[in-house]
Amino acid sequence: METSILKTAVKNFLGNSPDWYKLAIIIFLIINPLIFFFINPFVTGWLLVIEFIFTLAMALKCYPLQPGGLLAIEAVIIGMTSPQQVGHEIANNLEVVLLLIFMVAGIYFMKQLLLFAFTKLLLSIKSKRMLALAFCLASAFLSAFLDALTVIAVVISVSLGFYSIYNNFITDQNDVINAKHDNHIDTAKKKQTLEQFRAFLRSLMMHAGVGTALGGVMTMVGEPQNLIIAKNVNWDFVTFFIRMAPITLPVFICGLLVCFLVEHFKLFGYGTELPERVRQVLEDYDKKTSAKRTHKEKAQLIAQALIGIWLIVALAFHLAEVGLIGLSVIILTTSFCGITEEHALGKAFEEALPFTALLTVFFSIVAVIVDQQLFTPFIQFVLQVSETSQLSLFYLFNGLLSSVSDNVFVGTVYINEARTAMQEGLISHKQFEYLAVAINTGTNLPSVATPNGQAAFLFLLTSTLSPLIRLSYGRMVIMALPYTIVMTLVGLLCVEFLLIPVTDMMVHWGLIALP
């Protein structure tokens, strides 16, 4: 009896995850305290970061909340950080938490409008290259005014809608979320078409994801860390855009060029066309829904469009915290679309809350990074070199650390360290402003390398869409690789050779004023 209970308990641990994965997590939990107490806390800190990245990489084997959460709880228990520091990190990032809870749910209630708009876009543009550019451009434009997580939530919602339409057509299975295996598909031809459609959606999702980085780096509201950096150097919306332009505009152009080339030459998993059969299904669906659209549904679309305008205006002018704007979207859409039942409201939060919990665990890891001073050696090294080398090194170290850590945290740490150096007289105010540009671009551009570098990518990886279209951590890294290389190198070259002369030119033209 006791043996069977023990076996069941072992089997219950991390559920249906592979045995080797369960064993790896147990080994991590055993060795971390030993290394912390008997070898070196600093080494343990970096080991914990690597282990957490491992749980993210294996997201399709087991949702990272459980294994990552166990590692974080143990880190607090053994003294790598404190509950107070974890609470402090969560408080510092409350805006992001509110964004996830309310904004993503708000977008859920605008799904009807978004599916309508993106279906028209998808069906009206026949060329895959042009469609990829359209998705990338749309994501970049929206991310300049909205948060990247909001934009990626929109695109996930739309892609899930496309997938649902075709999945329901080829099967009798209406619950697309549970249709993660292909056993319900009766012919090889249908399976082949579905695989092609998955590849098509994967490429669109990655183009859209990179688009959020290309647009998000440009403005002070594009990413949470942008706002923090802008406040430190006292830049307004227009000044921030102009000061970033010597790096962001060339990177944006090169990013769009990469988008076109990988589609044209079918590289890194891109280039798959929309299957003609799927296009036909989507066109038929669009015609049927248009023909059957009632006055009530038309009124709902108009209401959602007006609320969408409110959303963009409110975010662009930062009329309130992003999460509170999201809450207003929930209230307005549900009020004017007639959604008043509690269970209907609850569905909107199903997508975001697991990721919100995961991000909170991530803040626990960030608390360890702070308490164990894991980034201190990098910062001290950079501040010791000459001013001309500081810009490139700040950019590179920000990019490297943002690829393995939260880019909000990295940007905040580096801008605070740069400000402290200025206050202590180690660097001039002019150099501080140049460093702010290097820090902002460094945290936003190279961090597309891995899903844990960009919160939007991590949200995509852990969404219900990823297993449906077979978008794993490894595949995301590979598909992001051409963008990572080009955006990082072009950004570095612009920081090294264009930032100072172009800024001086803009000062001469009277566009900006240097201290």
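Cβ atoms here come from the backbone N, Cα and C positions, even for glycine.
What Swiss-Prot says about this one:
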- 23-43: transmembrane segment (TRANSMEM)
- 45-65: transmembrane segment (TRANSMEM)
- 96-116: transmembrane segment (TRANSMEM)
- 136-156: transmembrane segment (TRANSMEM)
- 204-224: transmembrane segment (TRANSMEM)
- 245-265: transmembrane segment (TRANSMEM)
- 305-325: transmembrane segment (TRANSMEM)
- 349-369: transmembrane segment (TRANSMEM)
- 393-413: transmembrane segment (TRANSMEM)
- 449-469: transmembrane segment (TRANSMEM)
- 480-500: transmembrane segment (TRANSMEM)
Exercise. For the transmembrane segment (96-116), which stretch among 23-43, 204-224, 349-369 has the most Cβ pairs under 8 A?
Worked result: 349-369
Seminar exercise, completed: Contact set of the transmembrane segment (204-224) with the rest of its chain, CB cutoff 8 A exclusive, min separation 6+ beyond the ends, reads 93, 95-96, 131-133, 135-148, 151-152, 155-156, 159, 230, 235-237, 240-241, 244-245, 248, 251-252, 255-256, 259, 270, 315-316, 318, 407-408, 440-441, 443-445, 447-448, 454, 456-457, 460, 465, 469, 471, 476, 479-480, 483, 487
For this session: Please give the sequence-distant neighbours of the transmembrane segment (305-325): residues at least 6 beyond its ends with Cβ less than 8 Å from one of its Cβ atoms.
Result: 95, 97-103, 106, 110, 113, 145-147, 150, 221, 332-333, 336
Exercise. Does the transmembrane segment (245-265) make contact with the transmembrane segment (136-156) through 3 or more Cβ pairs under 8 Å, each pair 6 or more apart in sequence?
Worked result: yes
Seminar exercise, completed: If one takes Cβ-Cβ under 8 Å and requires six or more residues beyond its ends, the residues near the transmembrane segment (449-469) are 53, 56, 59-60, 63-64, 96, 148-149, 151-153, 156, 159-160, 163, 176-177, 179-180, 198, 201-202, 205, 209, 212-213, 351, 354-355, 358-359, 402-408, 476-477, 480-481, 484, 488
Problem set entry | Positions whose Cβ lies under 8 angstroms from the transmembrane segment (136-156), at least six residues beyond its ends | 96, 99-100, 103-104, 107, 114, 121, 204-205, 207-216, 218-219, 221-224, 252, 255-256, 259, 311-312, 315-316, 322, 326, 351-352, 454-457, 459-460, 463, 465
